[in-house]
């Protein structure tokens, strides 16, 4: 066949074919736009989430620099700062720590810093400026609020602080402030360079540095933050800088900002797999509908392509016609999808951030999002059109004349019937006369239901009791403010008084109150317990665990003495034990002759064994000089949320009744008090406790089960919004695919329907046939969802929610039951609309119509 090389003719044919298929064009543009929406929103969320997580991690670390050098003298800093690896270096100089009583619950460091260093540390004033005069200071809003200073430049601030191991008090003028962030490990109180010169001139920096471990004082020493050309191998670069200058890490500690570490990427393989899975799911959804649209279009235009072949158009030129149409439609659909997708991503980002528990949320505009989304969508369109292009290019003129939209594999058999023609059988054959098209539509519809089922399974699998139980063992817990702050911790303060517990216990609705007393004492190990400890620490990995050095471990083994964490528990707490070995007997425990010993968190141990076994004697030496021998009743722990909240493998954890604790411990101190309350009175009791700690005892704080229940509901709602939004868009794709298939099927068979009516089929029978066709689509879609979809949904759920500790998987078909009525209604309504549209013309007119 002689080719017609006229490119303009091919271009004109493509455009005219586009104009002749307006309905197809609408569906194609909508499909491409929806696919682009999903890609754009997902990439927007992904990039913003990554940036927000990184910044949130930086805020937790306390800075955005790649790494840092600590405790530098001026000479050391001057040598280090000129190293060729360093792109930028900024610094702060330590003065000491704020010691105002109001700041006892918030660590506040007094320092001088360069403007850029303050920016690195997220502590640059947003109102006012950094201090310049000797009597100026800049503080965050957390410190200002605790000191009772209004957020106004020029306000007077009285600050008590340590300097070179001594305490001093000065009055300052507020030169600047910024919003404090509770996730940062400490607040900064910036002073001026003039202040440093006036206060630190007589300090021996070398002496201060050599006595840091003994004194805990590092006044005048420099903390340097550095930025490199990239964030790869930060630790190696820091160590190289030290080595090149003749310094050692033992003398100058280095810090690596773990927000930059590549290890985070590999540790989140599940998240990456989930992201890839969702991207593939979007591509599959987009592929199915775009492929089907063009496949149906080519099938309907078979005679058109046959005529083109007759007049000399080559296969390559026909493929070009189809491809050109797809690209033109992409040029229209992709920009629409980019705009809507970006808006959708921006709306969903705050909800996603709540899921991953990140408070700092920012929407990052990145051109790469639009480039990547456009490319993904375009690739999906091109892949989707390859098969239709091939089909169109292989059509011969003879096939075009005989085309009836039926797949003929040469194995068809004539079917004899003794009962006449059955409408539902005709409908069945019509649905599957083109098996490929039918299967594609059914899979496309199934995907949205499968995703909806997966989201529903995840959300309903969240176990509130499991979630709340991890944080709260009672309705309320009251303790010192530091107890609830991991960076501060409980330090044995005698803040929570018996009268406070009694006052709250007397409130209406309070059923039970349970005190936990705590004391750290020394314990002499027996030969048997020492042998067990040596066995547990035999691996080098265990000896070098993060909570203790080899030196500390050797001291324990040599002295045979270690720390003992003693808990005195009221009866309310007794049923909270996690018992690993033995049986807890409340009556025996109440006698005061038995203990529950904790299972130490030592690497390599089973987690259910301890220094002393069940039934063995345990001798306790109290600080009042008395000794008492107990029997080990069981090995077990009190819940972490009721403990001192630090896991120390170099300590023995012992629990005894509170009466026995008070009988032997000098000045017994209440660490926490827990309260169980009637459900109807929870709100009134919480209101009272909240008011009490604010007005009467500001050094106390509380946690409530109600608070965690609200957090749980918030987590559920965020998964709902994100998951169901994604399900909705994919559902639109499925519905669009179904509408397109039904509409084009009915339109392409309008002459066939007229022929059936001309030989006796009534309009009612034709309507019933189309109705059955729609119902078959619904039926087989549900079958796919219930069989293959259940397995696919399980995989999706496990990838996304398998790592969530409060998630429990349960198979459910509730979403299928919810979707079924909608699917049936849609399967009935769409054929009706399409039929009424085509049946407006008379039978004769439809028979005479040229396709």
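Start at 1 and count along the chain as shown; that gives each residue its number.
Backbone N, Cα and C atoms are what each Cβ position is placed from, and that goes for glycine too.
Segment annotation: TrEMBL labels transmembrane segment over residues 363-383 (candidates 237-257, 300-320, 363-383, 384-404). Ranges compared are 272-294, 410-432, 479-501, 502-524, and TrEMBL records transmembrane segment for 272-294. When TrEMBL is compared with the stretches 721-740, 741-760, the one noted as transmembrane segment is 721-740.
Of all ranges given (26-49, 50-73), TrEMBL attaches the label transmembrane segment to 26-49. Cross-referencing 174-195, 196-217, 438-459 with TrEMBL places the feature transmembrane segment at 438-459.
Taking Cβ pairs closer than 8 Å, the transmembrane segment (438-459) reaches residues 281, 284-285, 288-289, 291-292, 295, 431-432, 716, 719-720, 723-724, 726-727, 730-731, 733-735, 737-738, 741, 777, 780-782, 784-785, 788-790, 792-793, 796-797, 800-801, 807, 809-816, 819, 823 in its own chain, all 6 or more past its ends. Within the model, the domain 'ABC3 transporter permease C-terminal' (725-842) carries an average pLDDT of 80. Secondary structure counts, DSSP: the domain 'ABC3 transporter permease C-terminal' (725-842) has 97 helix, 1 strand, 20 coil. Applying DSSP to the domain 'ABC3 transporter permease C-terminal' (278-385) sorts its residues as follows: 92 helix, 0 strand, 16 coil.
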